[in-house]
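Engineer: Dumping what Swiss-Prot says about this protein:
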- His22: active site, proton acceptor (ACT_SITE)
- Tyr17, Tyr69, Asn71, Asn117: tRNA binding site (BINDING)
- Asn12: site 'Discriminates between blocked and unblocked aminoacyl-tRNA' (SITE)
- Asp96: site 'Stabilizes the basic form of H active site to accept a proton' (SITE)
Amino acid sequence: METLWLVVGLGNPGPGYAATRHNVGQLVLDELASRDRLSFKTHKTNATVAEGRIVPGGPRFVLAKPNTYMNGSGGPVSQLLRFYSLEPSRLIVVQDELDIPFDTLRLKFGGGHGGHNGVRDVIAEVGSGDFTRVRVGVGRPPGVQAAADHVLKGFSAAERKNLPILVADAADAVERIAAEGLTAAQNRFHTAG
């Protein structure tokens, strides 16, 4: 039986959030979908999904964006796992990460939520933290700006220049995890920072 991966990009719904740091996971899914001209469609699990192969002959993917706010992401993720009869080990969550500098990726399997409320809800609803995370660094806010304000704002002009490369690297990391395993992806994409 061929391998199927569920890849979830965390974020908030609506155009007002589309270009914010909190939605970088969904930007990565848009990049993945564009590589094989996959289209997102509404799914009964309260998510929009695109299904297919990103690389011809490569693993099959279900790319999913929950249609909930970040803190309610777990319900759609849990429903998608059940719908596709997948174990959490076949789940890759792409998320923003404050504790990692901008322009940096960190990949890991398992663990806690690290203070990320979207991941916290996924763990609670799935009943396990045993899934892969692609953590895309958005950095801490400057000065005394609240973290919540920072992630809900757009990227700076300097960040926007490098954002396409960061998003493409995160998409490449997802592909490598599915095709070659987490260790191979970590060896390639763990950057200094």
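Glycine residues also receive a Cβ, built from the backbone N, Cα and C atoms like all the rest.
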Engineer: Counting only residues 6+ away in sequence within the same chain, which have a CB under 8 Å from the CB of Asn12 (site 'Discriminates between blocked and unblocked aminoacyl-tRNA')?
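Structural biologist: Same-chain residues close to Asn12 (site 'Discriminates between blocked and unblocked aminoacyl-tRNA') (Cβ under 8 Å, separated by 6 or more) are Thr20, His22, Asn23, Tyr69, Met70, Leu152.
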Engineer: In sequence order, which same-chain residues at least six apart have a C-beta under 8 angstroms from Tyr17 (tRNA binding site)?
Structural biologist: Gly11, Asn23, Leu152
Engineer: To the nearest whole angstrom, what is the C-alpha distance linking Asn117 (tRNA binding site) and Asp96 (site 'Stabilizes the basic form of H active site to accept a proton')?
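Structural biologist: With distance taken Cα to Cα, Asp96 (site 'Stabilizes the basic form of H active site to accept a proton') is 11 Å from Asn117 (tRNA binding site).
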Engineer: Under a three-state reduction of DSSP output, how is Asp96 (site 'Stabilizes the basic form of H active site to accept a proton') classified: helix, strand, or coil?
Structural biologist: strand
Engineer: At the level of the C-alpha atoms, what whole-angstrom distance separates Asn71 (tRNA binding site) and Asp96 (site 'Stabilizes the basic form of H active site to accept a proton')?
Structural biologist: 13
Engineer: Below 8 Å Cβ to Cβ and six or more residues apart, same chain only. Which residues does that give for Asp96 (site 'Stabilizes the basic form of H active site to accept a proton')?
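Structural biologist: Non-local contacts for Asp96 (site 'Stabilizes the basic form of H active site to accept a proton'): Leu10, Arg21, His22, Asn23, Val24, Gly25, His116, Arg135, Val136, Val138, Val151.
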Engineer: Cβ within 8 Å of the tRNA site's Cβ centroid: which residues qualify beyond Tyr17, Tyr69, Asn71, Asn117?
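Structural biologist: After dropping the recorded site residues, what remains is Asn12, His22, Thr68, Met70, Gly72, Ser73, Gly118.
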Engineer: For each of the binding-site residues (Asn71, Asn117), count the other CB atoms lying within 10 A of its CB, then report the residue with the highest count.
Structural biologist: Asn117
Engineer: Using only the Cα atoms of Tyr17, Tyr69, Asn71, Asn117, which the record gives as binding tRNA, return the largest interatomic distance in Å, rounded to a whole number.
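Structural biologist: Spelled out: the longest distance between any two Cα atoms in Tyr17, Tyr69, Asn71, Asn117 is 16 Å.
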Engineer: Using a 10 Å cut-off on CB atoms, tell me which of the recorded positions His22, Tyr69 is the least crowded.
Structural biologist: Tyr69
